[in-house]
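Structure first, commentary second.
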Amino acid sequence: MFKLALTLTLCLAGSLSLAQHNPHWWGNRNTIVHLFEWKWSDIAQECENFLGPRGFAGVQVSPVNENIISAGRPWWERYQPISYKLTTRSGNEEEFGDMVRRCNDVGVRIYVDVLLNHMSGDFDGVAVGTAGTEAEPGKKSFPGVPYSAQDFHPTCEITDWNDRFQVQQCELVGLKDLDQSSDWVRSKPIEFLDHLIELGVAGFRVDAAKHMASEDLEYIYSSLSNLNIDHGFPHNARPFIFQEVIDHGHETVSRDEYKDLGAVTEFRFSEEIGNAFRGNNALKWLQSWGTGWGFLPSGQALTFVDNHDNQRDAGAVLNYKSPKQYKMATAFHLAYPYGISRVMSSFAFDDHDTPPPQDAQERIISPEFDEDGACVNGWICEHRWRQIYAMVGFKNAVRDTEITGWWDNGDNQISFCRGNKGFLAINNNLYDLSQDLNTCLPQGTYCDVISGSLIDGSCTGKSVTVNEHGYGYIHIGSDDFDGVLALHVDAKV
């Protein structure tokens, strides 16, 4: 009887973790966008006016719970919580709930960035949060939850990243480290996450997951409610979980400890794709991209070119400030069938602490758009760049097809097909790509969705004529604005 009970328990745990890898996308949609620091009302409008019509699958939103108010309002104050009240500079609970429903109604799922590891770091005296709650972080006193000193690990600093105890029980950059082995501490985030599920979210990005023991997270995840069927989710659907675990391949706390609980952020993807498109690694080697590079299995990997943290760091990671390479890398990311894809939507920054666009009263301002739909008032909105949203459409069009017809010039010019539905070519050399290449597409003329759009049967950019054998003449000049060309069956002239 004991063996039977144990078997049933293990099967249930396995099925729950497997379910937590499902992002619950509509139809053939399969790209998430991180609308970093956007207001809830603006996200609702963006779902209805742009993301839904353009085929985006979901939005990762900034933390929703009350945070400390820091001088100058740097972006990272959102990662210093003092309660679980749903009031931030992005809006209140009513506005959040309205946004979730409106986005779900147009097939765009919402994933919340959640902070389970810690509360706010030290603050001189009494801190007041975005909902008006008072706390004394220096005393580990957070009455808005409530948490007190006994709910936290003893104060210590992480000085050795190869020491598991320090990584998981000391304070990450001074943030007060919660003791998730405590039943009381576990109960509060479970209540918080369940409330968000009730409001209709599809899942969670778990910040600083590697700083929490995997067994504690497993308990929290398995205790959560199923998704809300009133928002279009099937019965018994589990929240999609993706966890921030920075693992460069030599970490004491490994991504492998978390991959069965949900997806894991594959930071090596970001670093290596940046290396390649910065010219530090030949593109020809990308033929084996994915697990061939030591990355996680595709269904367990949350993939990205950059995120809100590493786009601010020096190094190989690409960001909007290198637009040609960034667009090429993003095109490859969305065209190659590996991982659960997320694209970044940033605001302009000059230094690490730059706040989101705000007015004189330090209120976040809404994005404004020019006649082409691009953002103009401090918001970068990479997701509105044609070269990126067009690749979201490409990814939708070629879903469930494999890589075929790989070609390269032995260096930094590559092309490949996605079944007989799509074709991508990239030129990262300092000379032109001019070649008859196998596109694998049915005979006809196709619009290059990178350089233009198919409007009323006409292409506003380059077009490629494919012959009866699937071949077409591909030209990407070394000085072309984008360095990439993309064709697919939904853009046939």
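Glycine is no exception: its Cβ is also placed from the backbone N, Cα and C atoms.
When the candidates Cys103, Cys156 are compared with Swiss-Prot, only one is recorded as disulfide-bonded to Cys170, and it is Cys156.
Swiss-Prot lists Asn117, Gln168, Asp177 as binding Ca(2+), and of His195, His211 the one it places in that same site is His211. Same-site candidate for chloride binding, as annotated by Swiss-Prot with Arg205, Asn307, chosen from Arg186, Arg238, Arg278, Arg342: Arg342.
The recorded disulfide partner of Cys447, taken from Swiss-Prot and restricted to Cys417, Cys459, is Cys459.
Of the listed residues Cys11, Cys103, Cys103 is the one Swiss-Prot pairs with Cys47, by disulfide bond.
Matching Swiss-Prot disulfide entries to the candidates Cys381, Cys417 identifies the partner of Cys375 as Cys381. Reviewing Cys11, Cys417, the cysteine that Swiss-Prot connects to Cys440 via a disulfide bond turns out to be Cys417. Cβ atoms within 8 Å of the centroid of the Cβ atoms of Arg205, Asn307, Arg342 (the chloride site) belong to the same-chain residues Ile32, His34, Gln60, Asp113, Phe242, Glu244, Thr265, Leu302, Phe304, His308, Met344, site residues excluded. Listed in chain order, the residues near the Ca(2+) site other than Asn117, Gln168, Asp177, His211 are His118, His153, Val167, Gln169, Cys170, Glu171, Leu172, Leu178, Ala208, Met212, each with its Cβ within 8 Å of the site Cβ centroid. Around Cys47 (disulfide bond), the same-chain residues six or more apart in sequence whose CB sits under 8 Å from its CB are Val59, Met99, Arg102, Cys103, Val106, Val108, listed in sequence order.
By the criterion of other Cβ atoms within 10 Å of the residue's own Cβ, the least surrounded of the disulfide-bonded residues Cys103, Cys417 is Cys417.
Checking each of the recorded positions Asn117, Arg205, Asn307, Asp309, Cys417 against Cys447 (disulfide bond) by C-alpha distance, the shortest gap belongs to Cys417. Rounded to a whole number, the distance between the Cα atoms of Asp207 (active site, nucleophile) and Asn117 (Ca(2+) binding site) is 7 Å. Within the same chain, residues at least six positions away from Glu244 (active site, proton donor) with a Cβ under 8 Å of its Cβ are Arg205, Val206, Asp207, Ala208, Ala209, Lys210, Thr265.
A separation of roughly 21 Å, to the nearest angstrom, links the Cα atoms of Cys417 (disulfide bond) and Cys459 (disulfide bond).
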